[in-house]
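What follows is a set of notes on a single structure, which appears directly below.
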Amino acid sequence: MTSQLITRLLPINSTTSPSIYETIRQYDDDSGHSDTEERAAMAVDEENLDGAYQDYELEGALAQASDTQSTHSSFQSPAAGDSHLPRHPKWTQESVNEAEHDDEVPASLLVEGDGEEDPLPPPPRPPSNRNRILDDAPAAEFCSPRLRGQWEAAEEHQTPHLAPQPSPPLNLHSNRRAGLAFANPKEKAMWRWANVENLDNFLKDVYIYFIGNGIWCIVLSRMLNILTLAFVVGFTTFLTNCVDYRKVPHSKTLNQIIVPKCTNKMSASSTFFLWLFTVFWFGKVFQYIIDFRRLRHMHDFYLYLLDVPDSDIQTISWQEVVGRLMALRDANPATAGTVSTKHRKYIGSQSKQRMDAHDIANRLMRKENYLIALFNKEILDLTLPIPFLRNRQLFSRTLEWNLNLCILDYVFNEQGQLRPLFLKATHRRALSEGLRRRFIFAGVMNIFIAPFIVAYFLMHYFFRYFNEYQKNPSKIGSRQYTPLAEWKFREFNELWHLFERRIHMSYESANMYINQFPKDKTVQLSRFVAFIAGALLSVLALASVIDPELFLGFEITHDRTVLFYIGLFGTVYAVARGVVPDDAQVFDPEHALLDVTAYTHYKPAHWQGKLHSDDVRKEFATLYQLKVVIFLEEILSMIFTPFVLWFSLPKCSDRLIDFFREFTVHVDGLGYVCSFAVFDFKKGTNLMPPEPQHHRPRGLKHGLHDLRGDYFSAKDGKMLASYYGFLDHYAPPARPSGPHASQRQNYPQQPVPGPTHRAQPGANHLHSSRIDRWDNGQHSTMRQSALRTSRFGAITGVGGHASPMASMLLDPHHQPSMSGFRSKAHPTAASRYRPSRQAHPMADTIQDVDEDQLPGINIQPSNVTTTSSGGPATDDSQIEESWRINLAEDANSGEDDEAEDVEKVAGGGGVLGLIHQFQKVTNEGRGAVGM
């Protein structure tokens, strides 16, 4: 209901063209018949789908086909024929004829005939004294003439027998449901799993149940949330309406200042909103009670099908849950056995065969991936339309909620699928105008809602943090990442709990970086204030210890006792002391920021060479704000959000519509997803190192090609960082050797840096020199090993050893291929998802060169080999910065450098070098190396 609020409230101008919402609804209804991409592209295992038909469903389908054909004309149009039982599913229409000779039963005997255009003729009417089964028998097209003749011959030699007419499929289905009431919980859970119709919503429930730590933790959390809501509103009402503050100075008990029957004396507006809140509160309670049944079903799914009890759900990893989901999929591959015609329209995007770690992440983050891309491409205009704040961006949880309501609920339908109408350029203007109206309408709604939300959050923040700040004043200076920073740092297909873990690990490094910069004037003033406040506090504390009964009641100023000043000076001392940095801290802001980016994976190109500057610190400080400042910005955003919705966001409505059309791809069995979220594992996401500038053809045409490539690629290496981050979460934890070892990084396993870590000058020097070599754009050559693909999809070498990149949580078509990491001398194939997209640059490996190495010695790339024993042979320190993409281009390299790179890829050394390598490989018993 919330997702359709703006759609239903916006007026429709009947005097002009039809509303875009009417067009969207009509196109959604007709998309199952008109979307040629859905019909052609969705390819799912035909046998699994046909295997879902049961006997009673086949009988019901035949009966319905006979009834329908007897009442309709044989000259029915093809469009009307679609209203009958579905024929071949959309993803099997092309593969039926190819696989017909392999089936035991020919396609002519199946319910779903081959004819896509011609309707079925009415069945022949048998004599009345014949078997009743023949009345419901299929037409001649449902069986071959030979089988039909055998059937009639058998009927002539046997006594007619009136068999009971099969019940309608609805009654049989109802009886099957009634039988589930007496089944055991495991059978019930299996039946629900087999009849899942919307896999996106089901997997979302599975993930919410996982991060909620089980049924009882979720129930307790919901109860405490509604009780907290009731307490904040009730206590605020009591403080504002039931206390006579004029009597406080002259009263000694609470009863003297309480207003009797205060609710009867409340204003009409306060009474109305209190009743409105009461209705909302009881509605939430009723919703939670109704939702308990769904939680119970999810509890049974985890317990009986995944074998994960509530006692283990807090300790089991999500990767283990994904593995058990894949095992359950392999054990029960069929989709829902009985689905309606309406649901079969989009069943191609609900295939349970497409359910490995990559597909599950794409389903769970179908909408979030688009938001991540929007922030990465900087398409959203979030600047404040105020003269003195035009360069400042405003983004808060309130604005995030409005973006979901205005954009995502506009682009996606009720089933969570992207509306196909947004992929048509013909409706661009109407869709853009509809989005513009949604922004304006949401701004108007925020004006009426903002006062109540501001009051609630102010009271909630006051009740929650005042006592904490009063006891520990140093926490006033604590920081956290802003909502805008979270969307900039989050990667494609990165689930929330994995992202939250990665970001939490960066807090210590971020605090160290903020405290690194010289603030000598502030530090000197803070030390002076801390000294004065500490001296006064020590004297008062010592006097109160000597004679507490006399001195604690002593008034230093009018009505201000010693106890008051002890608390005041203690607070001032704590705040001033918190500003002064630790004396043992080592000053190295560049190294500290590199430690932060190792976790956040965020390092814009304009930061290059400026990590020590104050400009970079100011930019990072806007992403890592004080908690108090974030709260104040959240409150102020409720006031300024309508202006952003009215003036800033409508300017980018055209770009938003173009974005969803140009960055959406269709994946078989998965549906429409963001193009950046589809990782091409076989080609290493097509990420290749860029060519030097002087090797590129010059001219206007190539300049336009570069602009197009930049437009269709992610900024700041987001695509490659997401790819490696995904492999780190779902690939084996052991780091492989060879080319991939220098490209991947196990982010959560990095040690948290500290003062002891920085105090090692040797490690610091090696770390800095390695980063310098990386940032200077030195390309290291990589040897492409002779690889072959096993029948299970894992990449194996010539010796038969499995690829270290293979993962049990990825299907064979998603297994990463080491052959995808090629040298820049080899051309890369275009992506099958968007042929026009330019290949992304691949991150360069970090080449560690010994300091005592002579400059004249040429080390062949064949020395950096992939160990066949499976043990890691790569320095772990190389992985520390491997997630970055080197976007800089070396403009000083010449033709000799390119020739040298090609020679290195080929193995170097000419014919003698090749003979030497062949002898070496033969002696060591390995496959071809460096060929």
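Cβ coordinates come from backbone N, Cα and C, glycine included.
The topological domain 'Cytoplasmic' annotation in Swiss-Prot covers 1-214 (among others) and rests on a curator's inference.
Under the heading region 'Disordered', Swiss-Prot lists 62-133 (among others).
Residues or ranges marked as compositional bias 'Polar residues' in Swiss-Prot: 65-77 (among others).
Look at Swiss-Prot and you will find 215-235 (among others) tagged as transmembrane segment, backed by sequence analysis.
Same-chain neighbours of the topological domain 'Lumenal' (236-271): 455-456, 459, counting only residues six or more beyond its ends whose CB sits under 8 Å from a CB of the stretch. According to Swiss-Prot, the topological domain 'Lumenal' annotation covers 236-271 (among others).
According to Swiss-Prot, the transmembrane segment annotation covers 272-292 (among others).
Swiss-Prot lists 293-438 (among others) with the feature topological domain 'Cytoplasmic', giving a curator's inference as the kind of evidence. For the topological domain 'Cytoplasmic' (293-438), the mean pLDDT of the prediction comes to 85.
If you look at the intramembrane segment (439-459), the same-chain residues 6 or more away from its ends with a CB under 8 A from one of its CBs are 6, 9-10, 232-233, 235-236, 273, 398, 402, 405-406, 631, 634-635, 638-639, 641-646, 649-650, 653. According to Swiss-Prot, the feature intramembrane segment maps to 439-459 (among others), an assignment based on similarity to another entry.
Residues annotated as topological domain 'Cytoplasmic' in Swiss-Prot: 460-527 (among others).
As annotated by Swiss-Prot, transmembrane segment applies to 528-548 (among others), with the evidence given as sequence analysis.
Among the features that Swiss-Prot reports, topological domain 'Lumenal' is placed at 549-560 (among others), with the record citing a curator's inference.
Residues or ranges marked as transmembrane segment in Swiss-Prot (evidence: sequence analysis): 561-581 (among others).
Under the heading topological domain 'Cytoplasmic', Swiss-Prot lists 582-627 (among others), citing a curator's inference as support.
Swiss-Prot lists 628-648 (among others) with the feature intramembrane segment.
The topological domain 'Cytoplasmic' annotation in Swiss-Prot covers 649-931 (among others).
According to Swiss-Prot, the region 'Disordered' annotation covers 734-780 (among others).
Cβ atoms under 8 Å from those of the transmembrane segment (272-292) belong to residues 219, 222-223, 226, 229-230, 233, 237, 266, 452 of the same chain, restricted to positions at least 6 beyond its ends. Residues 472-474, 476-477, 515, 522-523, 526-527, 529-530, 533-534, 536-537, 540-541, 543-544, 551-555 of the same chain sit 6 or more residues outside the transmembrane segment (561-581) yet have a Cβ under 8 Å from a Cβ within it. Remark: secondary structure over the topological domain 'Cytoplasmic' (293-438) totals 88 helix, 4 strand, 54 coil, with classes taken from DSSP. In the topological domain 'Lumenal' (236-271), helix, strand and coil residues by DSSP number 20 helix, 2 strand, 14 coil.
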